[in-house]
């Protein structure tokens, strides 16, 4: 519950939460897991993306938190959208000059967290990161709405700007381009997170959650994964 506001200030001086949500979904057992974590993810993601009649609706299951670390060891996280998930890894698209991209380039690693509140499920991914091919980036860019294509040129992501500056730049670029095709910027494209660790979590009563972690050697993209249950 939020505390009382300071005089003349609509914002509370502090926020203290005492709610205790209890999860009431079926437990997750080891024999229900696919030995391949990519297939396990795709099964869960498909269920979240296309719920059957009567099942909870997850509004944007492709939303994912990506965390990176600076060369000084300072972490940062932000929400992005997943665009591809297959045996090669998890792909997002962004500006290669952004903070996240600079930190990925510096360390070579990133982590992802999918949290599907309606389903009481969570998936955590840790892995090495590589650029997707230029062809993949161009192919995806060409499927984006025109406004998003223009925004990739107009926004110097993570740089300080004035109010309305990026919107004005986008409007100018849109006017200049007319009906011409918007090419994919060289500074924009995809990153693929190639996991060596994946964890599947299901909320349970009294915080006795079910957690299973898949691991494989960090430097070898092996198809063999070790699966272990973790304490909640």
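Including glycine, each Cβ sits where the backbone N, Cα and C put it.
Quick caveat, the model's predicted, so the values are computed rather than measured.
Here TrEMBL flags 58-166 as domain 'Pyridoxamine 5'-phosphate oxidase N-terminal'.
Under the heading domain 'Pyridoxine 5'-phosphate oxidase dimerisation C-terminal', TrEMBL lists 188-232. Taking H, G and I as helix, E and B as strand and the rest as coil, DSSP gives the domain 'Pyridoxine 5'-phosphate oxidase dimerisation C-terminal' (188-232) the counts 3 helix, 26 strand, 16 coil.
Secondary structure by DSSP for the domain 'Pyridoxamine 5'-phosphate oxidase N-terminal' (58-166): 31 helix, 43 strand, 35 coil. Averaged across the domain 'Pyridoxine 5'-phosphate oxidase dimerisation C-terminal' (188-232), the predicted model reaches a pLDDT of 94.
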